[in-house]
Structure formats: structure tokens, C-alpha cells
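Enquirer: According to TrEMBL, the protein has these features:
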- 52-510: domain 'Major facilitator superfamily (MFS) profile' (DOMAIN)
- 89-106: transmembrane segment (TRANSMEM)
- 118-137: transmembrane segment (TRANSMEM)
- 143-164: transmembrane segment (TRANSMEM)
- 176-199: transmembrane segment (TRANSMEM)
- 211-232: transmembrane segment (TRANSMEM)
- 316-337: transmembrane segment (TRANSMEM)
- 398-417: transmembrane segment (TRANSMEM)
- 423-446: transmembrane segment (TRANSMEM)
- 458-480: transmembrane segment (TRANSMEM)
- 486-505: transmembrane segment (TRANSMEM)
Amino acid sequence: MSKSSSHQHVAYTRLEEDHDGAVQIKDNGNPNRGNFSSAIEAAGFGRFHVILLVVCGWANMSDAVEILSVSYLLPNASRDMHVSSPQKGLLTSIIFVGMLVGGYFWGSLADIQGRRQILIYSLACNALFGLLSSVSYNFWLFLLMRFLSGVGVGGSIPVIFCYFSEFQPSRHRGAMISALATFWMAGNIVTAALAWAVIPRDSFVASMETWRVFVALCCIPAASSVVAFLMMPESPKYLLERGEETKALNVMKKMYMQNKGLSKADSYPIRYLIASSKEEKQMMRNDVKREGYCNQTSSLFQATSDLFQGPLARTLMSMLTIIFSLSFGYYGLWMWFPELFKRVEMGGSACSELKDSVAAPSTDTEDNIYKDGFFTALSNLPGNLVSIFLMDRLGRKFLLTSSLIISGISVFFIWFLETRMQVLVVSIIFGAISVVSWNSLSVLSVELYPTAYRSTALGVQGIFNRTGAIIGSLMFGILIDLHCAVPMILIAFMLAVGGLTAFTLPNTTKIELK
């Protein structure tokens, strides 16, 4: 099956079908051959990629729903389970703890068992434990189920983007990944709309509180994503790297047929894939396994050490400061918005302390709480539009710096506000501006690091991202009843620190990737 030289073994493999329809590999010197990039380009761009975007986008949205749904539970779940403010902080942060665990666990397995399989497992974990949390009547059991759900979310988020990008032709990759990212905003809006539609109403499930019905319904996107991925192919890039050229080419032929609307792939121009010899394939499989189980950790530590000690150290430290500050401020406040709306409705200001014994809010009051949450979620839309149209015009650095500082200013004034409309307007401003910060940071995170260190740097940033979210949520819960001004001022200060730190970053606008 291979043609060898004195220094290198290279094989060209072809897909043919025998009388049973089974795929066979044939040796041939036919010039209609190509590498992975040319094969993906030859598969075209069309219907398959639209389906892929919908499936991966729906899965990405399901992760957003699972994370953000907790914020809409606080006003009612805290009353039904007699939860204190510090416990509310623990509840909003526990999913990020699970994501820290799941990110490493599932991410390591994705390079060993395949992207598609790990997506199915992690999304199933998300759906199963999310559903079990809806029928957990003890607070600590509920907390455990949310943690395990977070383990699933932590695995699916990075693997979705990896899986999705490995199907994209180079000329469409940037736009398609940006399109995939917008599904997170859609998840934010869907979560708020579902909470508004379900929680303030009469329960349609006997002896089950409406917020529990809401939690159960939030599992549907993840569960349906599992079914969708069962019908999707494995990443051809992953298959090729595993030495399974035949399967990889078969996937690309199916892509070609769907994109061109054909029933057969006879006209697909690539008949042969450049692949390793049998011996090299086996060595590569062994290397992948070793990399997954042993050397991956050693390599990660070495690459991380290089980042902190080399010429990129200053850039990395600036980025870690910014992402920690943004995550601390954003999740520390965003996860608490429904609770703040409730305090305004029932106590007169966002800093009004609500006792466990307080009477349940009226239907009109509850409706206002979740309606305000929906409009706050909708505020992400103009922020995303601003990012799309101004990212290349004004630059990433300018947008990141200005949006962080403006976000900090808007948070600072929340503890002065005493009417529902005032809090709603400021929360909408915060939502619209802070999403610009996230988008700018996402672009800079890719452009600031050379290819050899990019994945490692993003992994380190992910740890600081989730750590900031955990500490911010916990801090808000502990301090909000002691002195409301303290968490507001602290979040405003952290966002301002992030904005000022952004001044130290280089401007990467219209600069080629290193």
C-alpha cells in the first residue's frame, strides 16, 4: 500500500467501492491526489456547512442556556429552598467549577477518542445532570447536579469550535466561526425568553414549581444536540491525523455530494489523499495515545513555562489580568441581574435586602422581573453589531479599552439607583458594552500569540476566565447583603483595571497571524 524512498514513506490512497458497497483502498499513480486542504476546498461550500452550523450552533447555544439559566433561578429557588445570599453565590459559581474540571477531562479525551464522540458524551452529561437538578429538592444535592452539569458544559464548549473549524475551507473559516459564536448570544436571549414565558406563570406540571419546569426545559437543547451529533460525521482532519485516510476521504466525498446536491461523488476531483505509510500510521496512533495520556501534561507544562518566561510573558500577563477582570465583573454581576430586578420590585432599590420570610412576589412583579431580564439579554445584539462593523475600523485595542472602562462606569452607578427603569437602563448599557469587550478579547486572544503557543495560551486564559467567574459570583453573594456598595465598586474597579491594562497591548488590527 505504500511507495517508499530511502528517507520517507508516502502513500496515495484511493476510495473505491466493491460489490457490497464497502470502501477499499487501492494503490495507483493517478495524479488526481491532494492533501487535506485541497480535499476540503474541493468538497465545496454549501448545504453541508449550513447544516453543520445549525447543529454546532444549537449545541453552543445549549451551553449558554445551561450556564445562564442559573441566574433566573435565584429569585424563586432561593425562596423555595431557603437559600441565603452566600449560598446563592455558591450556586451561581458552581457550574464554573465543573467547567474547570470538564475542560481538561473532555479536552484530553477529544484528541484520543475523537471530537464527535466526546461532544456526544459531554452534551449528554450536560443534559442528564441538568434534568436531575430539576428534581433535586435538597439544596446540596441540587448544587452537586449543577456541578456535574458544568463538567459536561466544560467539555463541549471548546470541542464544538475545534470540531466545527476542521470542516471549514480556509476562505470561509473566519466568517463561519464568527457565525458560530453568535449562537451564544442567541442562547442568552432564549434563556431569558423561556424564563419569562415559564417562571411567572402557573405550572403546567402537577406539584412542580415553575422554576423547576424551566430547569427541565433548559435541558432540551443539549439533549437534542446529542441526537443531532449521532447523525454527523467525525472530523475529517481528526481522522486524517489518526492515519485513517480512507474514512477521511469518505467524509469529504459525502460533504461534496451534499454541497453539490448529487447522489454520487463520481465527479469529486480528489481520488487520492497524501497519507503516511502503514508503519508511520501505527507510530502516529501510538504517539496520539501517548500524547493524550502522558506527554500531553508534560508538553503543556513546558509550553506554559515558556510563555511565562519568554518574550510573550508581558503580553500574557496583561491578557490574564484583563480576562480575569472582565470575567470577575461580568459574571459577578450578570448572574445576579434577575435577583437585583427582584430587589428593586419588592424593596425599592437594587441594594434592598430581602429576607427569606418575605412574601412571594405577585404575578405582575414576577413578570416584570423576567421581562427586564429578557430586555437585558437582548442588549447583546447591538453590542455584537458594533463589534462586527467597528472591529477592523477602530481596532481591537481601542474597542477593548473603551468598552471595559464604560462598563465599569455603568456598574458603579447601580447601587445609587432606586427605580426599576433606572436599573433596567443601566443593565442594558452594561450588556451592550460588555459584549464588545468579550468580542475584542476573543480576536486579540488569537492574534497576539504565535501558532506554536496559541492553544496553550488560550488554555491558560480559560483557567483565569473561569476562576474570575467563580470568585466574582461568590464575592457578590457574600457581600451584597453586608454592604451593597462594596461589590458594585469592586466590580467597577476591576473592569477599569482591565481597561487600563489593555493600553499595554500591541495593536494587532490588519496584522497577519504569526
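For all residues, glycine too, the Cβ spot is worked out from N, Cα and C.
Are these features on the surface or tucked inside, and what are their neighbours?
Expert: Below 8 angstroms of C-beta separation, residues 66-67, 70-71, 73-74, 77, 83, 118, 121-122, 125, 142-143, 146-159, 331, 335-336, 462-463, 466-467, 469-478 of the same chain, each at least six residues beyond the ends of the transmembrane segment (89-106), sit close to that stretch.
Packing against the transmembrane segment (118-137) from elsewhere in the chain are residues 59, 62-63, 66, 81, 102, 106, 109-110, 144-146, 148-149, 151-156, 159-160, 163, 212-213, 215-216, 218-219, 222-223, 225-226, 229-230: each is 6 or more residues past its ends and has a CB under 8 Å from a CB in it.
Same-chain residues lying 6+ beyond the ends of the transmembrane segment (143-164) with a Cβ under 8 Å from its Cβ atoms: 52-53, 56, 59-60, 62-63, 66-67, 70, 90-91, 94-103, 105-107, 109-110, 115-116, 118-119, 121-130, 132-133, 136, 176-177, 180, 222, 235, 462.
Taking Cβ pairs closer than 8 Å, the transmembrane segment (176-199) reaches residues 49, 53, 56-58, 60-65, 68-69, 72, 76, 160-161, 164-165, 168, 210-211, 213-214, 217-218, 221, 338, 366-367, 370-371, 373-374, 376-378, 380-381, 384, 388, 435, 442 in its own chain, all 6 or more past its ends.
Through the fold, the transmembrane segment (211-232) approaches residues 52, 55, 58-59, 61-63, 65-66, 69, 72-73, 76-77, 80, 116, 119-120, 123-124, 126-127, 130-131, 133-135, 152, 187, 190-191, 194-195, 198-199, 203-205 of its own chain, all at least 6 residues removed from its boundaries and within a Cβ separation under 8 Å.
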Enquirer: Would the transmembrane segment (398-417) and the transmembrane segment (458-480) count as touching if the test is at least 3 Cβ pairs under 8 Å, pairs 6 or more apart?
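Expert: Per Cβ check, the transmembrane segment (398-417) does not touch the transmembrane segment (458-480).
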Enquirer: Which listed range (423-446, 458-480, 486-505) shows the maximal number of Cβ pairs under 8 Å with respect to the transmembrane segment (316-337)?
Expert: 458-480
Enquirer: Using Cβ atoms and a strict cutoff of less than 8 Å, what residues sit near the transmembrane segment (458-480) while being 6 or more residues removed from its termini?
Expert: 85-90, 92-93, 96-97, 99-100, 103, 158, 300, 304, 307, 316, 319-320, 323-333, 335-336, 351, 445, 449, 486-487, 490-491
Enquirer: Would you kindly list the residues that approach the transmembrane segment (423-446) from elsewhere in its chain, counting only those six or more residues past its ends and only Cβ-Cβ distances under 8 Å?
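Expert: Distant Cβ neighbours of the transmembrane segment (423-446) are 181, 185, 319, 322-323, 326, 329-330, 333-334, 337, 340-341, 344, 350, 372, 375-377, 379-380, 382-384, 386-387, 391, 396-397, 399-400, 403-404, 406-407, 410-411, 413-414, 417, 454, 457-458, 461, 498, 505, 508, 513.
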